[in-house]
Amino acid sequence: MLAAGLLFPSLISHVLGGAVPRSDLKPRSLLHSIPSGYSPSELWVPGDDVIRLTVGIPPKDASSLYATLLDVSDPSSSNYGRHLTRDEVAQLSSPDPESVKAITDWLGRYGITPEQRSHSGDTLSIVVSSARADALLAANFTAYTHSMTNTTIIRTLSYSLPAYLHDHIAFVYPTTQFDPPARRQAPPMKRVDRRAGLRKTNLASAASTSCTGAVTPKCLQALYGIPSSPANASGNSLYVSSLGGTGANPNDLQTFLTKYRPDILHGSFAVLPITESQNTDAGDDEGNCDTQYTVGLATNVPVTYVVAGDKENGVLLSDLLDTANFLLSLEKPSLVLTTSYVFDEPAADDQDLQQMARAICNAYAQLGARGTSVVFAAGDGGAAGGMSASDGCGQKVFIPTFPSTCPYVTSVGSTDDISPEVAASFSSGGFSNLFPRPSYQDSAVNAFLDRQRNANAGLYNSSGRAYPDVATQGVNFAINVAGKGVGFSGTSASSPTFASIVALINDRLLASGKSPLGFLNPMLYSKGVAAFNDVTKGDNGDARCDAAGFNADTGWDAVTGLGTPDYDKLLDVVTGHSFNKLHSGAARVPSISRLLYTIIWMFTAVVVYRHIAH
């Protein structure tokens, strides 16, 4: 295929009136061939489709956002728990006005007005025909089909921008980012009954507190000390991400609750569509597990199913960004957000996709600063990665999963078995190639690396952000789909489980007039370590390929993180002396100690930001 931009010189002149001379355009991204797994769609009619293009703008002072986030998230800080308002976060995250003006002036010369902006202004969206997008970006947008998922996306093999805009624009999406739709790699669903041949035998009854037959709400309550009493604090919330057209069925939820939580008489979830997305109510395993184990564990905490994307395109990175920006636009964002989808971390040679990943991670930092605990499934591809492990053997390096590698989310791995729990072999974990390791991890991760010695040398970046942070059970969750009981496995079950524990702890804090937990990791890696059950057996290697992985070990490890939670101990940690001084809505402390603390954090954040930016 010819390089895009060489095909339409007359169209550019016709559509845009020659507003930007072609000599002033500088290539921004170029792919020399169609990425593996994709092929042009035979049904594509050029010019017919409408494309929503998102333009990312670099933040003016990201280091200040990161420093402030850490200041309000570290239990040793006098500002712990004093989360920021929507406008305070927007001010810290805003782009340079010069960049905004340059971009809007460029679009304005072609009669294009942004349809939507993020609250901080770091992204804006335009809606144009594919022909107009071709002309604007000297591109050749075409529909491509992803063979493995049978989903269709519109992309171009190259695009260009005016030379003066390159430093003002972080990314334009979708263009050359062939981000494969997220999908599951965990074992397929099985009927939950005695004849199903599940590896765990003796199916647990609905009332059983044992997890040896199947994992149920009651067995998780017994295992981790999760209370069954209803939450009662006002202002609490737990949001569940639905991406790529996945659905959750309220009737399946009622069937599930009748069997496994009959004490919950009116359990339900609200549906919150963003853009033009909507819950299909069809209910699949992913959406049903998310809602059944948030409503079924976080008793009486309001649960909201946030719907983004559509089935035709599959689960894309843009769904993550759209969801985060939507929540940031709210006066009061959710206190907990759980997401059960993962992607391979963008490779070093895909700069535009890397910039988009940075923008998504930055949005999660903004949510954390506002008091949201952002929780993600680690992935189900073992050490090999969230998606590539299913594509065959022969990988020469470990592929980390995103967004778990973002330093501002809490990544949840999976365990199996009881007394003791062991690492689930599919549980993804490792080290980022894009984001450097945050300082809050240094002590725990360095101890792990010292014990690793030369194991897996050359397969991972030991200086990268390490994940997962924590783990919970993740094998053979009893769920209901289309009126039938099935078994569901994966970190997609672990993430809503841990998120529910966080939501219940928030209930106790709010009821006492204290602030919610917000960004969890600095607390988890300091005072929170004592609240976790250490998992020391198992690994996440791939037996099919005789591929190496990481071993569970004493302390933090790259399979189960810090271990599995003990609700009572975690509640004790966050209601101790350092947390008792919090006052919801209080101003952050303008003290000398705080200034010194912030200076130290800002210095650290500047180093991290410069590393990320380059």
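Note: Cβ is positioned from N, Cα and C throughout, glycine not excepted.
Look at TrEMBL and you will find Glu286, Asp290, Ser492 tagged as active site, charge relay system. Annotation comment: TrEMBL describes Asp534, Val535, Gly555, Asp557 as Ca(2+) binding site. Summarising the annotation, TrEMBL assigns domain 'Peptidase S53' to 214-577. The signal peptide annotation in TrEMBL covers 1-17.
Put simply, Asp290 (active site, charge relay system) is 29 Å from Gly555 (Ca(2+) binding site) when counted between their Cα atoms.
Note on proximity: among Ser492, Asp534, Val535, Asp557, the recorded positions of the record, the Cα nearest Glu286 (active site, charge relay system) is that of Ser492.
Summarising the environment of Gly555 (Ca(2+) binding site), the number of other Cβ atoms within 10 Å of its Cβ, over all protein chains shown, is 17. Within the same chain, residues at least six positions away from Asp534 (Ca(2+) binding site) with a Cβ under 8 Å of its Cβ are Thr554, Gly555, Leu562, Gly563.
The Cα of Asp290 (active site, charge relay system) lies closest to that of Ser492, out of the recorded positions Ser492, Val535, Asp557. Taking the Cβ of Val535 (Ca(2+) binding site) as centre and 10 Å as the limit, one finds 26 other Cβ atoms among all the protein chains shown. Cβ packing within 10 Å was compared across the recorded positions Asp290, Asp557, and the lowest neighbour count falls to Asp290. One way to see the shell of the Ca(2+) site is to take the Cβ centroid of Asp534, Val535, Gly555, Asp557; the remaining same-chain residues with a Cβ within 8 Å of it are Thr536, Ala552, Asp553, Thr554, Trp556, Thr560, Gly561, Leu562, Gly563.
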